[in-house]
Amino acid sequence: MTTQPSSTTVHHAIVKSIFSGDTLVIKSSTRSSTNDSEQRISLNYITAPKLARPPTDAGAGGSTVDEPYAFETREYLRKKLVAREICYTIDFQIPQSNRLMCTVYLGKDKDTGENIIESLLSEGLVELRQQTGARANDPKYQRLIIIDEQAKANKRGRYSDQVSDVHVRNIKWTIENPKQFVDEHKSQPPLDAIVEFVRDGNTVRCLLLPSYYLVTLQITGIKCPISKREGSSINETSEPFAEEAKQFVDTRLLQRQVKVILDGVNNQNLVGTLLHPNGNIALHLLKEGLAKCVDWSLTLLQQGWREKYRATEKYAKDNRLKIWKNYVPQPGHADNENNLSSDTNSTASNGKPSDPTLKGYQAKVLEVINGDALTIRDLRDNSIKKIYLSSVRAPRAADMQQKNDENNPNANRQQIRRPLYEIPYLFDARELLRKRLTGKVVRVVTDYIQPASSEYPEKICCSVYAGNVNLGEALISKGLAKAVRHRQDDEQRSSHYDDLLTAEQQAEKRGLGLFSTASGLHRIVDMTGDTNKERAKGLLSVLQRNGRMEGVVEFIASGSRFRIHLLKDNWIISFLLSSINCPRAERRVPVSGNPQQQKVEPGEPFGAEALTFSKEHFLQRDVFVEVENMDRGGNFIGRLTTADGHSAALMLVQSGLAKVHDSAYGAPNYKQLLEAEEKCRKERTGVWTNYEEPTSKDEDENEGENNPEEEVVLGSGIINFNDPRFRRVVVTHVTTDLKVYVQYSEQGSKVEQLQSELREIFNQTRPVGGHTPKKGELLAARFAADNEWYRARVEKIEGNNRISVYFVDYGNRELITDLGRLTTLPPGFLQLPTQAHECELAYVRAPPDEDDRQYAKNALLDEMDNQECLMKVEYRQNNAEHVSLYRASTKENLVKILAEQGLIVVAQGRGNRQLRLTPLYEELQQAQAKAKSSRIGLWQYSDQIEDDATEFGFTGRK
């Protein structure tokens, strides 16, 4: 049963969409209406071919296919009616479905408007339904029969002779490989498409033409407020302006033909740009304040679009439109000064000045820290500060550990001791910045300041430009860093954040750096620290032979103490500048007795200035080093030259931040060092600020003084006995080849206490003899000369219980055959380090004759007379310290006394190398010449001893 309304009532509406060839979705033509006024109406008298239904709507039978001419009929109406005004009359209504059967006219007047039913029949696109009863005699129906017969006669549409399958749309509901599909179409012109459904402001369903793929498309670069989902819970609500955004797109794009630029894929959905003849819908949404930019998909946009999106969003923000009504802009930074005031209105993609050279300030880069931070000197006020690259995330240990956990979940996490070399690609990132920035002037633009927290200090985050190159972008583009993922509403980010994201995507696509399968690690050999001291000593001869080596200064502890990375072999060494004495800077040292705690040891005057100078001129610079020697701490000593050929030692002396050391005598630039020092001394520069010229004293005063001077003039050199390299020692043993064993005086009380406690224990508890020793074992041995017990180490075990021991606190040796004179040490007596230190006399060879050697040994012991001496290490050779010895009371050179008596031979060279001239060496040569001229000692009969004659093959070796 049907209800027949009045046929004379004319209704007006706007066609929103075409549901099928005989059904329209209309909405009221009045502007005040809402989405609730939408309704469906059907065309009376006709039946259109049915469109295919998707799998979700087709029930158990799966998806259906189009009937012939179904899509053509829908398209005919879409092109003719969508967004057009119509008028219609309701012929009747079907009560069961409330379906309105209507006659529709295009335009506002039914008398002049085109009858849509007649047009469809004349094109042969629909079927005229058979009418019965009174309706069969309806004049409208009779007219439609005539039109349909004419279409048959003209073979229009479905009455044509063509095969019907030709007019069936082969719709494809899914894309098997969306990424491949996008890649295939990226280089092609934009695709034609019809917007079939609008889910929300930034998501639509499109029918791609002519392939007939029905796809879900997310609009690239934006995000609209989210609408409440159909069938969702009662508590779920739409975000503000969500419906308005949907209506905005619905009104402009639904069932409109558009151009689609495919940009990427997200969760199997295509991501693309929709271009309507009236413009880019995303820009319109941004301008109305109905959308905001999305970082991740902005990077997918084609060249030129990102800047427009950001600028349009800024327009909506500045005008507080829609979703930005409560927007509060972030304050700018005062230090981003614009040098060209006429260009201050130019804006970039983030609403900031587009040319990076027009803002910020100039600074000099002093150090690159871990690939994402710099130490700079602000050239405006010469202040030094640490800055971070905006929105740049350098490689981290967590990335490596996460990757390792994925590959081997059961593996133990390794402890990272040297992050720069052990974290993949961190060294490469640091090197890229170091080579391009260290010592160079850059432009720094402060983007934001990250406030301090309980765990982290305040961070000044900046974009740094070398020329017009953004260094953060350069790092990321090579896969040596990643962009930080900020919250969508977080404006604390780089002023060119989109460029960083794009660079990261390109690096990932090309498989560079962090996105590659390579390890990215740099293997180095660490020769620094006490644990590597012996290892470093074994390397000395190799480095000496290598001569000039290329390296990078990695760390500076004081003005003349560096840690250097030797590039050829990837060795890390501690390095001291030779020829100078540089004031020490403040440092932290372990507390005695508690290595876990540290105390601050104050620096010497101008120590901080020397440290700052070296950092600014040498830190992280390419240098050349030549190793000459090594100190007892495992630090190599030698010359350091900058890449442009300047001597580091000379630069420090010229700046008044170092003094020339007596070891510089004979150095290649010795004259330049003295001239520079003399100039600074006269001008009272640096360490010479408070220098006073020495005054002459009467000879009588000098003779009457009981206390010797702390500085003694010997020859052309001045010996400063306050030099910390002089140590007070007691010589405990001298061998016939003139090797001396010493105890440091500051340890004397500990040695005496140890011996006293050892004797007390053995007096109270008689030691059990008969201990069977092992080679290398530290035990207690009874010395034959005084029958007392001392600490000793087993050096050699031979048959018949012949055991050679070395008394570790005194340096003498003994052969023991009675096992009763050996026993284990009581508990606690292994803690004190061995106290005997073996040394050789600098520039001296023992006489070749055994009797002469014994005589020289006895003479040296007589001169020392068991008194305290002053000892200084002059050089090191083959891991042996070569020393000079002075009587502590009179400051007399004991070795010089032996040379004057003709009891020793002054060496002509060290190994195959000529000795470097020093004041001490010249002094000993003069003493030996005096003995030769006086014909005493070894020189009684000749100026040569037999080993010195070339015919006996003298090579300069001992």
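Here the Cβ of each residue, glycine as well, is placed from N, Cα and C on the backbone.
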227-247, 395-415 - the one TrEMBL records as region 'Disordered': 395-415
Segment-level pLDDT (mean, integer) for the domain 'TNase-like' (547-690): 89
Leading contact stretch, 9-161, 359-517, 547-690, 772-832 vs the domain 'TNase-like' (189-326) - CB distance under 8 Å: 359-517
Secondary structure content of the domain 'TNase-like' (547-690), with strand meaning DSSP E or B: 39 helix, 57 strand, 48 coil
For the domain 'Tudor' (772-832), residues assigned helix / strand / coil by DSSP: 3 helix, 27 strand, 31 coil
